[in-house]
Amino acid sequence: MSNILIINGAKKFAHSNGQLNDTLTEVADGTLRDLGHDVRIVRADSDYDVKAEVQNFLWADVVIWQMPGWWMGAPWTVKKYIDDVFTEGHGTLYASDGRTRKDPSKKYGSGGLVQGKKYMLSLTWNAPMEAFTEKDQFFHGVGVDGVYLPFHKANQFLGMEPLPTFIANDVIKMPDVPRYTEEYRKHLVEIFG
């Protein structure tokens, strides 16, 4: 089976206690272990060891990013984790931007060293799904993955490939934790079962 690293981006802040992301991390941990996978979990808002986190990325076949949507993207603690770990991973997670002075025609973003690995986003948002998918709504129909394009590209810069994104919507205005956990279990079984 696979080695799966879960980055838990939950954070207590303002009106959010991070409980839903903690719950979904627990759901993923239990479901994936039941399916026979090895799982490691790190909390982005912790005193992680940067060198150990690079080794976690090398160990993992799949990285799951569990996080809330804050101000149209990842929480700053998740971005800090990426900045710390990906930068430390120069030479092991990526070699360069893919181009050289001798051959600048090579494609930018092709210097990743972890080809064959995959990543998945698991997101929680107060916005309803139609805010992402309908052209006359807030995100003008670009979809969830369109909103997360820079986040996807950061992972793809390392050479990783995306798995289908999971999102729990309307988590503050219309919370339904039993539905979210059941839908997430189903999503995980479809991908990793």
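Using N, Cα and C of the backbone, Cβ positions are placed for all residues, glycine too.
If you look up Swiss-Prot, you'll see 16-23, 69-72, TYR108, 124-127 marked as FAD binding site, on the strength of experimental evidence. With a cut-off of 8 Å between CB atoms and residues at least 6 apart in sequence, the same chain places ASP97, GLY98, ARG99 near TYR108 (FAD binding site), listed in sequence order.
Each of the binding-site residues GLN19, ASP22, TRP70, ASN126 was ranked by the number of other C-beta atoms within 10 Å, and first place falls to TRP70. SER16 (FAD binding site): 18 other CB atoms within 10 A of its CB, across all protein chains.
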